[in-house]
Amino acid sequence: MLYKGDTLYLDWLEDGIAELVFDAPGSVNKLDTATVASLGEAIGVLEQQSDLKGLLLRSNKAAFIVGADITEFLSLFLVPEEQLSQWLHFANSVFNRLEDLPVPTIAAVNGYALGGGCECVLATDYRLATPDLRIGLPETKLGIMPGFGGSVRMPRMLGADSALEIIAAGKDVGADQALKIGLVDGVVKAEKLVEGAKAVLRQAINGDLDWKAKRQPKLEPLKLSKIEATMSFTIAKGMVAQTAGKHYPAPITAVKTIEAAARFGREEALNLENKSFVPLAHTNEARALVGIFLNDQYVKGKAKKLTKDVETPKQAAVLGAGIMGGGIAYQSAWKGVPVVMKDINDKSLTLGMTEAAKLLNKQLERGKIDGLKLAGVISTIHPTLDYAGFDRVDVVVEAVVENPKVKKAVLAETEQKVRPDTVLASNTSTIPISELANALERPENFCGMHFFNPVHRMPLVEIIRGEKSSDETIAKVVAWASKMGKTPIVVNDCPGFFVNRVLFPYFAGFSQLLRDGADFRKIDKVMEKQFGWPMGPAYLLDVVGIDTAHHAQAVMAAGFPQRMQKDYRDAIDALFDANRFGQKNGLGFWRYKEDSKGKPKKEEDAAVEDLLAEVSQPKRDFSEEEIIARMMIPMVNEVVRCLEEGIIATPAEADMALVYGLGFPPFHGGAFRWLDTLGSAKYLDMAQQYQHLGPLYEVPEGLRNKARHNEPYYPPVEPARPVGDLKTA
């Protein structure tokens, strides 16, 4: 054994060839600060070996290196800029020394090589991979950019266009694509990986492969003519500006850095990468996006822990076909759980099957599946007008009309047709689960399972625990949601549960602004362009359906009369009374016509102004700051109330439900991350300016206490140790 650290070791493999093996405790390898330091020590040992002829890097895990240890990021991001820059220089000196070894090097890459893992293998001369490879640089999705030389080496290896596509989008690619673009040199079966890598090394050692020529382009300026460079970087900057926008500085910074570094050799180019990385790491956007990643891990880990003692349902059923039922049936079948889809008429069943078939055909068109796979999946969806097969199902989700009487009747009837241990769930979006449970003989086997539309795209499923829902019931439904590829978050029961309960105060803020003379177009523009929502409130109401919102608004007002009962007729009432239900009937805040692709396209409609004039004061202008404050304060206050009342368990789960269920702008990180970034005292000052608008603007006492003591909702993070300590971590 030449060297042994906590996460890697170095040993002779055969005559003159050494192997450096990543083998961290636990299930995966991460390139954390300690591993970088250990790698530097191992390379120091190699530099002393006079009889070294070649080096092979590999992993003892199912994945090579899954990336940096993101749990370290928030503390690293608090390190002063100069210290963070010093540590990056140290880390890059390690990879430079790996790259500069006077012998050929190869990485035998299996599974994931992401982020720092990818940057590590870019420093070797050759890369051999297994078919399950996923390799790439996802850093821009975390609000930063590659910091271990990825933005320098990848463009020089692949060419600017291919590298920009991966780096700016935070992409990873599979084995075939990696081979095609030159990111790896070969793909072999897993059992032949090490032997194959040794064979390549022997060829390089014997002079059959020119490893020095392979290495040289990574040390030099990027080989691009002035015209090629102008075209590549101009196109890349335009595309990034269009897709990422101003709220995500990392992608455009990465492109500009690669452009600036193109004319320099390795050392100067790495200095430019360092100078770009450090300021990005100190942005609120990076903290928010890293926070989302960590919250996502926490939420998924919680679901895994919850379901460890239950069996995932093997057969499911959906009550009520149509778009929603068909979407749920498709998602279940697509992920391997056969499903019975029941409705009371053929027309709805046809609609549900058509929806499932349409989604599968899209997968076929994209080349994700072949005709055989399509036929196999669709054959596991069984449409029926009766309860045939219900005696075999493990879980049933009801997705009928949003009417408590209808839902109770359907659920009570279904309960008589299934096994005593079958779990029933309702896809209701607003009706309290405990109320629906009153119709059942076995309420302990019942809970809520709120999907979001469109089901195949929206990651969140709210799992609602009723007063009598058993732990096993919740666990089974969480297991099914996880199997469907969704992110389940368990909430306690109340009208609207969590997501809709906090959404409707936001709509109330919108209605009050319209009442006071604001223009709905400006509100939408501000909330989309300035705050960052994917849709403004008017457009969102048109998409959700104004009839749906009108009904849900009444349910929420009955559930929370003190805050959500309004004493005036609002824009939603006016449009509903005029039979303007949004995209579903082509008339809402806008008029809708289908474009060439069959998608609804909004157009101005003068009739809306007349309708809104009946429920609004004369038009007047509002500042962007006031629009954002009046829209967001009611929502954030309600989010805080949900935490204080135990409707949602943690700030992390609340923020993920908002991001995954409503599209809360990820660069803000969710309501609690936004609050912590803004500061609770500053938020309180802002909210107090609007207290006169009513109870929705009254800040909950718990938040007032946070403001008084300057306490955040997320646990405070300590800065990482000084850079000298990090080197020897």
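Quick reminder: no glycine exception, Cβ is built from N, Cα and C everywhere.
Sequence-distant contacts (6 or more apart, same chain, Cβ under 8 Å) of Asn500 (substrate binding site) comprise Ser429, Thr430, Ala552, Met556. Positions annotated as substrate binding site by Swiss-Prot: Asp296, Asn500, Tyr660.
What Swiss-Prot lists as region '3-hydroxyacyl-CoA dehydrogenase' is 311-729.
The region 'Disordered' annotation in Swiss-Prot covers 708-729.
Positions annotated as site 'Important for catalytic activity' by Swiss-Prot, on the basis of sequence analysis: Glu119 (among others). In this structure, Glu119 (site 'Important for catalytic activity') is part of a helix by DSSP. Its own atom aside, the Cβ of Glu119 (site 'Important for catalytic activity') has 28 Cβ atoms within 10 angstroms in the protein chains shown.
According to DSSP, Glu139 (site 'Important for catalytic activity') is assigned to a helical segment. Under the heading site 'Important for catalytic activity', Swiss-Prot lists Glu139 (among others), citing sequence analysis as support.
Remark: Asp296 (substrate binding site) has Thr487, Met656 as non-local neighbours, by Cβ distance under 8 Å and separation of at least 6 in sequence. Applying an 8 A CB threshold to same-chain residues 6+ apart, the list for Glu139 (site 'Important for catalytic activity') reads Gly115, Met145, Pro146, Gly147, Gly150, Ile167, Gly170, Ala250, Ala254. Of all residue pairs in Asp296, Asn500, Tyr660, the annotated binders of substrate, the farthest apart have Cα atoms separated by 21 Å. There are 25 other CB atoms within 10 A of the CB of Tyr660 (substrate binding site), with all protein chains counted. On the 0 to 100 pLDDT scale, the model's mean across the region '3-hydroxyacyl-CoA dehydrogenase' (311-729) is 95.
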